[in-house]
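*Asks:* The following feature annotations were taken from TrEMBL:
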type	residues	note
BINDING	B:T65, B:P66, B:A67, B:G68, B:E69, B:G70, B:K71, B:T72	ATP binding site
There are 2 protein chains.
Amino acid sequence: MSSDIEIARAAKMQPIADIGEQLGIPEDALIPFGRTKAKIGSDFLRSLADRPDGKLVLVTAISPTPAGEGKTTTTVGLGDGLNRIGKKTAVCLREPSLGPCFGMKGGAAGGGKAQVVPMEDINLHFTGDFHAITSAHNLLSALIDNHIYWGNALEIDTRRVTWRRVMDMNDRALRTIVSSLGGVSNGFPREAGFDITVASEIMAILCLSTSLEDLQDRLGNIIVAYRRDKSAITARELEADGAMTVLLKEAIQPNLVQTLENNPAFVHGGPFANIAHGCNSVMATRSALKLADYVVTEAGFGADLGAEKFFDIKCRKAGLSPKAVVIVATVRALKMNGGVAKEDLGSENVDAVTKGCANLGRHIENVKQFGVPAVVAINHFTADTDAEVAAIKAYCANHGTDAVLATHWADGGAGTETLAHKVVELAESDTAQFAPLYNDELPLFEKIEQIAKRIYRADEVLADKSVRDQLRRWEADGFGHLPVCMAKTQYSFSTDPALRGAPTGHSVPVREVRLSAGAGFVVAICGEIMTMPGLPSVPSANHIGLDDNGQIEGLF
Amino acid sequence: MSSDIEIARAAKMQPIADIGEQLGIPEDALIPFGRTKAKIGSDFLRSLADRPDGKLVLVTAISPTPAGEGKTTTTVGLGDGLNRIGKKTAVCLREPSLGPCFGMKGGAAGGGKAQVVPMEDINLHFTGDFHAITSAHNLLSALIDNHIYWGNALEIDTRRVTWRRVMDMNDRALRTIVSSLGGVSNGFPREAGFDITVASEIMAILCLSTSLEDLQDRLGNIIVAYRRDKSAITARELEADGAMTVLLKEAIQPNLVQTLENNPAFVHGGPFANIAHGCNSVMATRSALKLADYVVTEAGFGADLGAEKFFDIKCRKAGLSPKAVVIVATVRALKMNGGVAKEDLGSENVDAVTKGCANLGRHIENVKQFGVPAVVAINHFTADTDAEVAAIKAYCANHGTDAVLATHWADGGAGTETLAHKVVELAESDTAQFAPLYNDELPLFEKIEQIAKRIYRADEVLADKSVRDQLRRWEADGFGHLPVCMAKTQYSFSTDPALRGAPTGHSVPVREVRLSAGAGFVVAICGEIMTMPGLPSVPSANHIGLDDNGQIEGLF
């Protein structure tokens with residue numbers, strides 16, 4: 001088969017107005033960016049408020065392994081499959097980040113015959129959303145130091161500025177810096193640093209906002225620093241929220257592109273899945289639900305992190321009610337969860353598959369705890385044997401869940417028709433009774449415990465007094481109603497990335513807690529979290545360029 | 001009269017395809033960004049190569065004062081005037097920078113009835129060109145530190161990294177930093193810093209490149225650092241040029257918008273006018289010349305800096321041959337050059353106007369040294385008296401040059417018809433015999449002397465041995481053929497900003513020289529040059545926001 005990029009380039013894209021028309025979007029409601037990308041205008045989206053919602057389907061996965069699972073590919077393939085069986089369907093995906101493209105090879109717009117296009121644009125500047133977020137974020141940063149420079153009327157403690165700067169680039173040199181060096185006219189030297197743009201709280205805010213007004217309100221709520229007495233200072237007190245909103249007024253509008261099979265795809269927003277919730281924007285999902293009968297969306301990492309946050313943060317806050325969940329598994333990844341090393345994945349090993357199914361089984365149980373029916377999609381790789389696939393199906397049948405083979409990578413939407421029928425059956429059975437895992441009223445530490453014990457199956461949550469005190473202080477300050485956002489390794493249910501499968505009896509140590517008051521969640525950090533990646537010794541940037549035909553080479 | 005922003009919002013914009021059609025650009029050669037902005041596709045532009053060029057007209061000005069001159073406004077007004085008298089005309093302007101909008105109030109897209117629209121978009125993210133430049137610049141920065149991190153095979157001296165980072169923001173805290181703090185995994189701590197994006201050498205490169213291939217070649221030539229033995233290390237040696245070109249492949253395509261009178265305007269590129277050449281892109285100017293009979297463009301600062309660099313850098317390198325020059329003067333600015341304080345500008349003062357005309361006179365003489373005929377445009381302010389205007393006209397007549405009153409701010413193109421007729425007369429007289437001030441072969445220091453003595457009318461150029469040695473070293477390294485780019489105050493012919501009028505007998509001290517090997521010039525720095533602005537004590541960001549109708553307020 002051709003490479004992803006060859007398939008993407010061979011795609012016969014339709015004008016974006018035709019894609020919009022499939023969803024009943026009038027041409028004048030589309031703001032074109034070239035011929036195959038558009039933003040959907042806010043006025044039109046507001047006019048849809050009274051329409052009924054389509055059915056929301058979440059695609060999540062088993063615990064990730066280096067073998068790959070294919071959540072995005074399955075989301076796109078299922079969208080195409082649903083359209084093939086006559087359901088008007090849109091997919092909702094996250095926007096990829098530009099910076100990492102120059103480190104490791106590889107984009108993030110699906111693969112094989114299940115991709116969204118124009119793939120290169122989507123992976124590079126796209127419609128400028130991430131650049132707008134970078135600008136808004138760094139404007140706030142500049143306003144903080146400028147406030148200190150001109151007299152510091154708000155009494156910001158320069159040791160307690162929590163708002164860093166961002167850049168959409170893998171640049172380890174910027175992780176920790178000392179700024180304002182060079183003399184009086186450059187301000188007061190202090191320790192500072194940069195994160196990658198997708199780790200910005202503004203990314204999470206943009207993705208959770210339900211309107212431009214809500215966006216501005218959340219931006220104003222951002223806590224940027226603390227005083228010596230530890231009282232918080234917000235972006236609103238710096239009078240930064242208005243200007244930041246102006247910088248984001250286009251970025252909040254969802255982007256419309258298409259799949260290889262010319263079906264509509266919303267690609268909008270892409271927050272980190274560890275310190276943030278890892279889902280595409282509420283604006284995109286809600287808009288898609290007003291315009292399509294089915295909306296297929298994905299969540300970051302495995303279901304223990306991605307699906308839990310999708311349910312407990314995004315659905316809770318946006319009032320979404322998913323009708324079905326697809327859990328993606330691959331023979332290869334289950335083998336790794338069953339203890340096989342990456343270099344041995346080529347040989348059939350039914351026992352290892354069955355052993356690894358313990359990981360899948362726990363994700364199935366977890367998803368069901370949220371009241372949403374699930375189906376397992378076996379994302380087919382050419383080397384998978386019939387016996388291995390049969391082992392997964394048998395395991396799932398024993399756990400009361402169907403498992404369906406999906407060949408979208410090789411066959412596009414034709415490879416997911418069976419899966420699509422199964423999803424429709426689940427969604428139209430109307431058995432979903434979605435409820436978040438815990439109530440808003442539960443104390444913050446108990447929320448962490450609920451997730452750790454019921455989803456990760458840990459025995460206990462460990463936290464220093466300082467962490468518990470901090471959570472209590474936030475409760476006293478009126479933030480106790482917020483959901484928690486867990487930042488832990490995606491490779492294990494536990495906080496030990498090497499512990500594959502379905503571990504029990506472990507502890508979850510909470511090292512640090514952070515308040516994302518604008519996004520509206522408390523982050524519980526369990527282990528090392530990297531918010532500014534570095535480049536490898538031979539970055540892909542070294543081999544990226546334009547060939548003689550002006551085509552990009554080396555990027556994918 | 002209404003405010004600039006009210007006038008801009010009341011504009012009846014035409015679809016950008018209709019504007020393109022005026023220039024014979026087929027719709028499929030336009031890459032739309034919304035309905036009223038577009039980029040012009042490279043393939044179409046290449047197809048124009050064999051067409052004859054239209055006539056190029058430069059708008060420059062007397063030495064700037066706080067009273068304002070109105071170069072951009074006059075450029076736009078003259079373009080509209082030329083179109084009114086039946087000449088197919090396009091204007092070529094620089095793109096404004098986003099960052100400064102949040103410091104001082106005010107955009108950069110003309111004013112009154114002589115503006116380009118959509119004004120707010122042009123002043124904010126526009127078509128993303130500056131964001132692309134920021135990304136390409138910072139990718140190179142990240143690759144430098146990454147190279148050092150992974151073993152530093154090129155033996156970069158970390159004390160001699162000349163390539164800084166950039167951000168399109170006024171942020172004094174980033175002027176000087178120490179980066180790579182925090183331990184082994186963050187690299188080797190070193191002194192570093194940020195400039196504002198418009199000061200990036202990549203901005204100058206983008207604006208001087210004649211094609212994508214030329215762009216990549218220039219990017220590769222950038223000198224990023226030196227070794228301990230002072231030998232230079234280029235972006236090409238870091239294998240960064242290909243990936244940077246990929247990031248800039250859309251940004252190099254000129255942007256098309258329109259004037260308030262629905263005439264075509266190219267707004268593309270905006271390099272600093274001190275450490276760079278301060279003109280819009282060669283791609284835009286060349287494209288416009290292929291598509292229009294007349295092209296009106298502007299240069300930065302006063303004619304001593306802006307016009308000189310336009311001629312000696314842009315025209316020399318791009319093979320452009322301007323046919324006429326318009327020198328903009330205002331009664332108010334001439335009064336200030338004649339010694340009147342800003343608060344006294346309201347009263348008639350014919351003597352001061354006449355005295356200030358010495359500044360204008362010298363700019364006229366200077367422009368004529370390049371072999372291009374000039375006309376003076378008196379950009380009319382409502383408080384100007386007839387006697388003051390008459391004084392300017394009389395002075396110019398005595399110097400063999402016409403001066404024409406232009407009322408485009410109040411009247412749009414109707415206010416520049418006389419000026420337009422005069423410009424056509426000059427351009428069609430075919431008297432222009434453009435030649436740069438000095439030859440490529442002249443030694444670098446003598447090039448500086450030529451400019452200092454013949455344009456600034458200084459007696460001498462002062463420079464330490466280290467500066468002269470550096471210039472000689474660059475000559476030995478093969479950079480002696482480059483033009484020089486003077487970085488000095490725009491407020492005076494001398495290097496003393498307080499010395500208005502037409503000073504003589506001064507010295508020009510060259511404090512430092514820098515090599516922009518990618519852009520292709522040697523920068524001679526004479527005085528303090530700020531490449532990263534700060535925000536004022538009450539930044540305009542504090543008052544920027546969306547009003548109840550979703551309109552931006554506080555930005556202009």
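Numbering starts at 1 and runs along the chain as displayed.
Using N, Cα and C of the backbone, Cβ positions are placed for all residues, glycine too.
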*Asks:* According to DSSP, which kind of secondary structure is B:K71 (ATP binding site) found in, if we only use helix, strand and coil?
*Replies:* helix
*Asks:* With every protein chain in view, how many other Cβ atoms are within 10 Å of the Cβ of B:T65 (ATP binding site)?
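*Replies:* Result for B:T65 (ATP binding site): 23 other Cβ atoms within 10 Å.
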*Asks:* Show which residues of the chain containing B:G70 (ATP binding site), separated from it by at least 6 in sequence, have their CB under 8 Å from its CB.
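*Replies:* Sequence-distant Cβ neighbours: B:A61, B:G111, B:V328, B:T330, B:N379, B:W409.
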*Asks:* Taking B:P66, B:G68 as the binding-site residues to compare, which has the smallest set of other Cβ atoms within 10 Å?
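*Replies:* Minimum Cβ neighbour count within 10 Å, taken over the binding-site residues B:P66, B:G68, occurs at B:P66.
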*Asks:* Counting only residues 6+ apart in the same chain, whose Cβ is under 8 Å from the Cβ of B:K71 (ATP binding site)?
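*Replies:* Result: B:V59, B:T60, B:A61, B:E298, B:A299, B:V328.
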*Asks:* Near B:T72 (ATP binding site), which residues of its chain come within a Cβ-Cβ distance under 8 Å, counting only those 6 or more away in sequence?
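*Replies:* The answer is B:L93, B:A108, B:A109, B:G110, B:G111, B:E298.
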*Asks:* Check B:P66 (ATP binding site) against DSSP and tell me helix, strand or coil, would you?
*Replies:* coil
*Asks:* Check each residue in the chain of B:E69 (ATP binding site) that is at least six apart in sequence and keep those whose C-beta is under 8 Å from its C-beta; list them in sequence order.
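*Replies:* Same-chain residues close to B:E69 (ATP binding site) (Cβ under 8 Å, separated by 6 or more) are B:A61, B:I62, B:V328, B:A329, B:T330, B:A333, B:N379.
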